[in-house]
Amino acid sequence: MAELTKELSQMANEQAIQADAAPQDAAEPGAPTVIVDDLHIVYRVFGAASEAEKGNAANALMRIIRRQGRPQMKEVHAVKGVSFIARHGDAIGIIGRNGSGKSTLLRAIAGLLPPHKGSVYTDGQPSLLGVNAALMKELTGERNIVLGCYAMGMTPAQVRERYDEIVEFSGIGEFVQFPMSTYSSGMGARLRFAIASAKAHNVLLIDEALATGDRDFKRKSQERIHQMRKEAGTVFLVAHNLDVIEETCNRVIWLHKGQIKMDGDPTTVLAAYNA
Amino acid sequence: MSQPESAVADSRAGDRARGSSQSGKESLSALAERHGLRRAIARPSLPVYLRQLWERRHFVLTYATSRNVSKYSDSMLGQLWQVLTPLLNAGVYYLMFGLILGQKKDITNYTAFLITGVFVYSYTQRSITGGAKSISGNLSLIRALHFPRAALPLAYTIQEFQQLAISMGVLAVIVLVTGEPLTWMWLLIPVVLLLQTIFNVGMSLLLARIGAFVRDMNQLLPFILRTWLYTSGVFYSIPAKMDGQPAWARILLEFNPPSVFIDLMRHLLLATYPRDLDKFGYPHSSLGQLWLYAAFWAAVALIGGFWYFWRAEERYGRG
């Protein structure tokens with residue numbers, strides 16, 4: 001079956017490339033853009049036992065001196081030996097249950113989490129779609145647009161050029177002059193998506209939560225993602241909404257408890273996943 | 001998110017490692033090399049890293065300003081607190097050390113002497129505290145976006161610098177009100193601030209890495225910083241206090257970085273301060289020596305801190 005799925009995804013590749021034969025640089029069709037080689041990710045989680053952590057400085061001192069027993073710390077082995085090759089023109093959906101390591105894998109591809117073992121090789125700098133963490137809710141929409149764009153690495157000229165477009169796409173109107181803490185959750189989500197999608201990417205990583213806002217905005221953001229997909233060389237999409245995956249992707253990786261359970265064309269993998 | 005280890009067996013059956021079956025004998029790393037792919041998380045060389053940091057200067061500046069603005073945004077007086085906070089600080093310290101404890105005998109203008117010390121010291125103190133939290137408190141940002149991580153401790157120090165600039169305005173008014181003359185020496189104040197800022201950036205980078213991996217540091221730091229405060233001659237004059245003690249002990253205290261910056265600032269800002277030192281005839285480091293110490297500390301802290309921070313660049317996302 002591996003052979004079959006390989007064949008199928010190859011075909012899908014070629015179709016995708018024909019459809020998207022757009023402004024790409026010299027990369028030959030099907031050239032690898034992301035190679036993940038036996039990747040293991042372990043990260044540390046500090047437990048929510050904040051009462052024990054705070055206040056008692058004597059305890060903190062003793063723990064440093066003894067160099068032992070930090071009771072609140074847990075190591076999470078989130079990705080356990082994942083290998084695959086993503087090629088130019090691929091749109092890869094990553095599915096799996098909560099906690100199967102999807103988001104972690106995405107962050108490792110983006111170069112944001114260091115591998116415990118194995119490695120990730122990429123062509124250029126893959127970027128996650130999302131700036132939420134850089135924004136400050138006490139600030140106005142205007143300031144947040146500028147801050148978010150800079151956080152994504154845009155230049156002042158690019159920010160000026162894109163500013164109106166971001167405001168317009170988000171559709172929040174004069175609310176852009178109010179602090180983001182006064183926004184409804186839908187408005188906040190729209191502005192965040194508008195900022196995040198203002199930049200073009202070579203390898204684009206999209207982590208869920210796209211379907212935000214009202215129906216109108218959902219349609220608008222879907223269109224924007226389609227467009228970004230065309231401009232990007234390779235797209236990774238993490239989503240629970242399988243319809244979105246089926247629509248957008250030409251290949252699906254099924255992660256289960258940190259390992260690849262299945263990798264192939266959407267129809268086959270999604271059928272197995274739903275079974 | 002934790003997974004039982006037994007889960008490993010589950011997926012053995014699945015067709016994993018598609019890549020290796022595809023490329024046959026060629027290993028994945030060789031394939032990556034053939035196509036010119038690079039490791040996603042390789043640490044850039046120091047010059048490249050510096051250039052990336054320079055490219056992110058707009059982010060650093062905007063981030064610092066935004067944090068300052070958002071800090072007071074939910075209070076009624078708003079940005080007025082940027083001036084009120086240093087003023088109230090000065091008032092509290094004056095009440096405590098100027099009036100109640102009465103530490104005045106060696107120093108003509110104790111109010112200005114004390115407040116200069118407090119403002120200069122708290123600049124370093126807050127840069128260090130901020131730096132220690134700059135990585136550990138921003139993990140979500142680090143795990144979401146790609147940028148040289150040194151941008152964060154740097155932004156925290158610049159945020160403190162913006163606050164200090166306001167404090168210095170308050171300080172200048174206090175100094176003039178207490179009867180000190182405006183002298184040409186004031187022109188050198190920006191140089192002291194520059195050296196101190198360089199020192200603070202270095203310390204902030206150093207503590208950022210320590211704070212990122214040793215979480216307990218945030219609990220311990222207030223104690224270290226308070227001890228440092230009491231040994232830095234903020235409330236007293238080191239030459240006066242060390243009169244009759246061995247010279248090396250005095251020089252040791254004077255060589256302590258915060259003391260150096262505080263002392264320099266007092267020499268420049270207060271005409272009465274050097275006069276007091278001469279009047280009582282206490283041995284003390286000369287102005288030239290102080291400049292030398294300051295330059296030394298700035299260089300050591302910046303180079304050391306930057307190098308130390310950069311060495312762990314690729315690991316900060318791990319937490």
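Even glycines carry a Cβ here, placed using N, Cα and C.
Look at TrEMBL and you will find B:1-25 tagged as region 'Disordered'.
The domain 'ABC transmembrane type-2' annotation in TrEMBL covers B:77-312.
Per TrEMBL, transmembrane segment is recorded for B:80-101 (among others).
When Cβ-Cβ distances below 8 Å are used as the criterion, the transmembrane segment (B:161-178) is approached by residues 64-65, 68, 82-83, 85-87, 90, 109, 111-112, 115-116, 119, 123, 126, 189, 193, 197, 200, 269-270 of the same chain, each at least six residues removed from its ends. What TrEMBL lists as transmembrane segment is B:161-178 (among others).
The feature transmembrane segment is assigned by TrEMBL to B:184-208 (among others).
Taken from TrEMBL, the feature transmembrane segment covers B:220-238 (among others). Residues of the same chain lying 6 or more positions beyond the ends of the transmembrane segment (B:220-238) and with a Cβ under 8 Å from any Cβ of it are 93, 97, 103, 106-107, 113-114, 117-118, 121, 125, 128-129, 132, 207, 211, 250, 253-254, 256, 258-259, 262-263, 276-277, 282, 284.
If you look at the transmembrane segment (B:290-310), the same-chain residues 6 or more away from its ends with a CB under 8 A from one of its CBs are 43, 46, 49, 149-150, 153, 192, 195-196, 198-206, 208-209, 254-255, 257, 260-261, 263-264, 267. For B:290-310 (among others), the entry in TrEMBL reads transmembrane segment.
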